[in-house]
Amino acid sequence: VIIPHKCILQTSSTNASLIPTSSAIANIPTAAVSSISNQDYPTYTILGQSQYQACYPSSSFGVTGQTNSDAESTTLAAATYQTEKPSVMVPAAAAPRLSSDPSPSPSLTQTTPSKDADDQSRKNMTGKNRGKRKADASSSQDSELERVFLWDLDETIIIFHSLLTGSYAQKYGKDPTVVIGSGLTMEEMIFEVADTHLFFNDLEECDQVHVEDVASDDNGQDLSNYSFSTDGFSGSGGSGSHGSSVGVQGGVDWMRKLAFRYRKVREIYDKHKSNVGGLLSPQRKEALQRLRAEIEVLTDSWLGTALKSLLLIQSRKNCVNVLITTTQLVPALAKVLLYGLGEIFPIENIYSATKIGKESCFERIVSRFGKKVTYVVIGDGRDEEIAAKQHNMPFWRITNHGDLVSLHQALELDFL
């Protein structure tokens, strides 16, 4: 039984312990694990299911407000991951809520049928925002670039979707109860940050491809004392319960309030891109540290291996990492922060393909960086491979740890 995604935080909020013990294994029956493991990807549909009623996180989560702390434990630094397995942590079961970049396809070089369900789900999405789009952010360094690396996120840089389905556990002989539990706990934390700090309750149905897409509707008003909770904005656009001050969706007033939210999202991301712990209570910060270490052990240092290539590219003055994900933009930003990738991907280098698809995202990126730059696409699935072929970009397929190791070797030898 799939619980509506907006209720996941509420259903879990009664758990006083933020770091469940191994006794929670009994809470996930073997039959349930088997059922989850055998589900097809369409169960984890792309976000934006407006038919579900909205539920909001309980204060028992202990999430603190935004702080001014600039320091965070080095265990949350992007390149720091534990290599020794901590005590097993199995969270209480929760229903999946987050869709992600689809599961990997097996072929290393040829197009294969995968991610079709996700592609169809994405194509069926109809974005409700009709706002104007501002040109993507660029800097003076862009003109000096020689190579742009276009990264997929899930199952390429991180393992996420296959944790939720149990397919990773099945493929690599891991305990499905522990693997699925860890995935669900990370999913819950992603939405905790997205809902509490990044206005996802307001922006879920106003998804954008890029954080600057509605910036042209921003009048530059000082938001220091602005009250987002009382400005009457409704993400679904002007329901009568908020009064006439809300404005019609797509209207000037509505678009201005939408732009304010995306400006604030950017500010929060920039402030906490190397300090996500500043958005969490001490208990949740500790839980995140343990969870990330646990996932690194379960995935045999998948993220740590991917980071070697990411950091090598970042160290080159004439190269840049760009992220294109099929997760909606706001939860994708929360995911990037929680996995410690904020320093690797500035917010202006993150694109969501949920509304327009990866091929259209590639077009926008080429328009931004120009045609003289060499583009390299790194991903696990069919949609980015097809998009790469359409734009005559080389494609590096990631299906296992060996592919990540080979990628790093190719970069070290300057083949890429």
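Each residue's number is its place along the chain shown, starting with 1.
Including glycine, each Cβ sits where the backbone N, Cα and C put it.
Predicted automatically and left uncurated, TrEMBL annotations should be read as such.
For D152, the entry in TrEMBL reads active site, nucleophile.
Residues annotated as active site, proton donor in TrEMBL: D154. For D154 (active site, proton donor), the count of additional Cβ atoms within 10 Å of its Cβ stands at 27 [all protein chains shown].
Marked as Mg(2+) binding site by TrEMBL: D152, D154, D380.
For 94-114, the entry in TrEMBL reads compositional bias 'Low complexity'.
The feature region 'Disordered' is assigned by TrEMBL to 94-139.
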Distance from D380 (Mg(2+) binding site) back to D154 (active site, proton donor), taken between C-alpha atoms, in Å: 8
Residue among recorded positions D152, D380 with least C-beta crowding, 10 angstrom cut-off: D152
Rounded to the nearest Å - Cα separation of D380 (Mg(2+) binding site) and D152 (active site, nucleophile): 7
